[in-house]
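Features reported for this protein in Swiss-Prot:
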BINDING   506-513, 567-571, 641-644  GTP binding site
DOMAIN    493-702  domain 'Roc'
DOMAIN    757-931  domain 'COR'
REPEAT    26-46  repeat 'LRR 1'
REPEAT    47-70  repeat 'LRR 2'
REPEAT    105-132  repeat 'LRR 3'
REPEAT    161-184  repeat 'LRR 4'
REPEAT    266-289  repeat 'LRR 5'
REPEAT    323-346  repeat 'LRR 7'
REPEAT    348-371  repeat 'LRR 8'
REPEAT    446-472  repeat 'LRR 9'
REPEAT    476-502  repeat 'LRR 10'
REPEAT    688-712  repeat 'LRR 12'
REPEAT    1023-1046  repeat 'LRR 14'
REPEAT    1131-1154  repeat 'LRR 15'
Amino acid sequence: MESEPDQSFKDLSWFLQAIKDPQQTFFNLQTLSFSSSGNTTHCQLITESSMNINVTRDNLTSLSQIFIELATSLETQTSLRNLEFEGIFWEIELLQSLGLLLDNTSKIKQLAFRKNRFSEQCLNELSEILKRNRFLKEVMFLESSIGYRGATLLGSALQVNDSLEELQIWEDSIGSKGAEELSRMIEMNSSLKLFSIFDSSPFTATPLISAVLGMNREMEVHMWSGDHKRDRSLKLVEFLPESKTLRIYQIDISGSCRVAAALGMNTTVRSLDMTGAKLNSRWAKEFRWVLEQNKTLREVKLSKTGLKDKAVVYIAAGLFKNKSLQSLYVDGNRFGSVGVEDLLCPLSRFSALQLQANITLRSIVFGGSNTKIGRDGLTAVLKMVTTNETVVHLGIHDDASLGPDDFIHIFKSLQKNASLRRFSLQGCKGVRGDRVLEAITETLQINPLIEEIDLARTPLQDSGKADEIYQKLGHNGRKIDEAETDDSLKDMPLTEPKSVRAFLCGQNYAGKTTLCNSILQSSSASGFPYVENVRNLMNPVEQVVKTVGGMKIKTFKDEETKISMWNLAGQHEFFALHDLMFPSPCFFLIVLSLFRKPSNKEPKTPAEVEEELEYWLRFIVSNSRKAIQQCMKPNVTIVLTHSEKINLQSESFQATVGCIQRLRDKFQALVEFYPTVFTVDARSSPSVSKLTHHIRMTSKAILQRVPRVYQLCNDIVQLLSDWRSENSNKPIMRWKAFADLCQFKVPSLRIKSRNENIQIVETRRHAIATCLHQMGEVIYFDDLGFLILDYEWFCGEVLTQLIKLDVRKQSTGERNGFVSRKELEKTLRSSLQSPIPGMTSKVLEHFDACDLVKMMKKVELCYEQDPSSPDSSLLVPSILEEGRGKTQKWQINTHDCVYSGRHLQCDDSSHMFLTAGFFPRLQVHLHNRIMELKNQHGATYSLEKYLIAITIHGINIRVELGGQLGNYIDVLACSSKSLTETLRLIHQLIIPAIQSSCRGVILLEHIIRPQCVQDLTPPRFRQSQFVSLHRLKEALSSVPAETMYDYQHTWDSVLDSGKTVLRAGFDLARNLLSDDDFREVLQRRYHDLHNLAQELQVPTDENPEADNHVPVTNELEKVDPSFGGIAKGVEAVLQRLKIIEQEIRDLKQEIQGLRYYEHRLLIQLHHKVNYLVNYNVQMDERKVPNMFYFIRAENYGRRLITSMVPGMVALRIHMLCEFRREMHVVEDQLGCDVMQIDNQAVKCLAPYMTNFMKLVTFALRIGANWAAGMGHMIPDLSHTIAHLANPAVMTGAAGAAGAIGVAAALGRNRGRDRDIQEQEQRAAQQWLIDYLREQTCSTGRDIAEKFGLWRVRYRDDGSIAWICKRHMITRAHEVIQVPL
């Protein structure tokens, strides 16, 4: 136990003597504070490292003597680091003596002035001191009224000083002039790392943050405004260089324009958040330039900023040229359909051949009650959803202008989208009705790529129908962070929450409890309004004997904000509890001890610290992934304890710092780190004072960013506290008591008459209780009938004991992990009894044992063997044992069994994992889902610690947890049914249950080698024996249609100590994929070909007979033979074989239909080519070839030119051999140089280039031979066949209108008749004739030399063509040479 610090008062002479005496070894001062108050002069040792010296107002000269003595005795005071001054009225002589002290020491790093007063002469002297000092790192002024003049002098000093790293000016008024002076300092000073200011004027923020951004300073900035005396404060600006995040909470229009101008060439900001700031088109015009010039911005949030149509037009124009922005949030604004159209234009394509203008934006959110999307806006949304290839997250929030039919159209369009993963429709009033539900369900069946649909606060969710959608997506039904809303809740006002949680994460012996106590003590000593005592339900005797290990919660208040410190237990057996404790709003303190145990002096190695920190970061990310998608990244601060025992300059500590920095870089995209790593002595309140200040500021910032709550919740929190005080601190509140409290104390939740709709009031009460649950004030579930008011009691005593239950020691009737309800209740009573003889149990005093069982079932800690029986046995996963040593085999294993497996792996296992609580929860959750099935009779379900074994409908399934820290799940199946039926069961039952239990961690699906499944190969040997499902489908999409059914995937061999465990082999794709997967691949190929056919205007209805092969039929789904119960004999088996054979024939028929469709399109292609070659035989008697193209030399190769731009130089023109049905690129063709392309050339050639590139694209897609020489000249075909016939380019217009121009031009092309097309072809031909004449290449001989082509006439029809020498020889009997 640490001894109490000496609190006795000493006189000043004692202190002067002590600093002169080198024998005073106990005197190890780090912080020395000076104050001027009272009538006595004295000194007081606060802790072993901090002291306060108080002098009376008329005895300030004694401070000069102290400064001089300190200056001359520095060799004995090497530990002094900080000087603090409170209430000092400075005179010039006193300040000069302080300057003497600072000039004679390099040890003092911090100066703090609180409520000091300086004359102008003193400010000048202080400025001179700072100019010549090279050792100070931090200077802080608090309520010291330095004003404009002081800011000017500080700025001039810091223009010279290059060592100061932190400057803080709190609760002062430097004014805009002072801010301008400090901004000039920022332009000159590159060493300042932290700048904080709290000023009465909000206009001080603009010049300061503009200077930081304009000069690309890596400086952390915090700016506040308000009047602290009236408790009014507002954060204006925050810049965190560590996360490269700039947040602007409030700013005037001129200031916002100035900041935008500074952002243009900035390289330090990656995320810009201006949510709630008022902006207009003047700002947007400046911001357009930012989007066009800035290369580092990745995220922009402009929610609720009042933007109108004109402003959004500027932003959209910037998106056309932007190549870096990934996320844009413009919800809650006031623009209409015009704004929506412009906003989505750069993200849309108006032809399959047009290049999407912006391909970097991945997430876009718009909408709001004042955003009127309208008909035109809906059209733009449909076009974007249908054609966009890059957006992953689309959000339309709080919309009231679209109806159910509109959303049905949107979901229908989503069926064709291959990029969108998350679609958010929060608060949209038109998302209602069964037809919308059917549209969503149909879309999810057709498009399997959609991972999340957010229907929070929509009528569809309010009616309870959204649960079906969430289950299909693999989510946990209704979102946890959204309160239920309906018509009865509309008039309930919302407000910011007033409570926040700080989770202290760390292993045992990290010092979390000691640190928590010091934070509370520091907060109390800092003059905060008041501090709540720790919630305490036990008498002092019980506190002494209480076992360590539960969760501790301590609370204090900062103004109106309640901050709860949640001390998570460090022991491994409690990790499963942590999954239940992550609501919003919250942030995390990861506490790491630099020593293995506090009782010894053995420090941890950097690798040990790194391993521990990485675990907790992965743990936080794994549990916060869903929160990332909905709100914000988890906020994490790193704290190193026991730092007083080590040398912070040692190589070992610096190596530890390097390890921490590597992890921060690794997790930067998923976690919002506070840039400072705190090193503290957890026992010392002064040592944690900065950490305490950080906790206060972080809490306020987080509460401004999280979703709002019902205003009534903040009022009811106090009523619940009063109720507990009046009821002997009961931790449990029955629902009847809560209803009575609402009836008597809350008028808006009161039933006023018998004629009133009681159900509406009850709905409101339940909504308030649910909101309190989400805020972390209570624990409440609808069907349990009570509220838990004390988190610490429930988590620290009740759940902790439940997790640690060992029923095996007390149960005599255990059967396969099951225990009877009576035995479990008996065990609960004995485990929860008080350890003090004669004292009643504090748990069972408020909780009945049956309530505990209900709670365990609710949080999926156990399940009932027979839910229909009130005395059913229960299974508690904590009593399960591992199955090591047991023989692993399938229950059925015949020669006709089908073996299949799926490997579900974390998509980012380096940043997240399946937490320890996942698999026990999955064991219960999957059992409950199976029991809910209507046709589950006869199913068996057995468990081991890391295994779930299921038999249902004749299919045996094993679900295995694998990998270090649970990186993957293997689902293995042995079935007497077909592969398709087996995989349908896995995808409809097993995988959704797994996804809904893993807290939003994304799992990627792979196919396990069937031989590994059949032999139950140990997991360590099958790590290389799986292939990505997506990759296999892509491979099938790339092979010719006739080879799809026989496509093979090869497997590598597996060796163990030189011994072959698995031989190399292969499996046919049809034995790895279900018929559903095959049909999906076929549908996508049909879809791609259909789109290309439409672009070529190829008719698809000329051959009605072919249509019989094209559609994918669903006749097989009507075959549903029953395999339950006893087999019905040989006839049933033969019938089943016939069905399987029919499935194979149908699948082969569909593949044959695909190939036939490709053949039809190839014939149409030849017709199109022949038209282009011979569009007018009489035109100058074909004096020059028709089919020409341009290339450019690039990296020792050739690149096909797909678009013409005025001013292009160094091109080369080539021509194709035009022999019918065998057109090709001529090898070794010299070609002819084109020095420059002018505007006239572009106008003539653009329509020709459009038609030519369409044919090239289509030919390459269906494998036409004539395009074989083109493919290698088009590195990325899908993105380069664009800019065709771009009118904006031809007329020199701005690129911002390019996308609209292309859409209009290509739309006109489809409507032109043959005469117009001939005019376009004639213009291109005439340009070629004129050009060749200029190059003196107009004769047949010249063309043969340059292009290797000869003019011939076909013998059969007399048409003219230009063909190569090879065709001249091999097809001489078909042509006659016709020289010019």
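Note that Cβ sites are derived from N, Cα and C of the backbone, with glycine treated the same way.
All protein chains included, Ser643 (GTP binding site) registers 19 other Cβ atoms within 10 Å of its own Cβ. The secondary structure of Tyr509 (GTP binding site), as reduced to three states from DSSP, is coil rather than helix or strand. If you take every residue in the repeat 'LRR 1' (26-46) and average the pLDDT, you get 80. All protein chains shown were included, and the count of other CB atoms within 10 Å of the CB of Lys512 (GTP binding site) stands at 26. With helix defined as DSSP H, G or I and strand as E or B, the repeat 'LRR 5' (266-289) counts 9 helix, 3 strand, 12 coil. Summarised by DSSP class, the composition of the repeat 'LRR 8' (348-371) is 0 helix, 5 strand, 19 coil. Tertiary neighbourhood of the repeat 'LRR 5' (266-289): same-chain residues 213-214, 216-218, 239, 241, 243-251, 253, 256-257, 260, 295-308, 310-315, 317-318, 329, 705, selected by CB-CB distance under 8 Å and a gap of 6+ residues from either end.
Helix, strand and coil content of the repeat 'LRR 9' (446-472), in residues and according to DSSP, is 12 helix, 3 strand, 12 coil.
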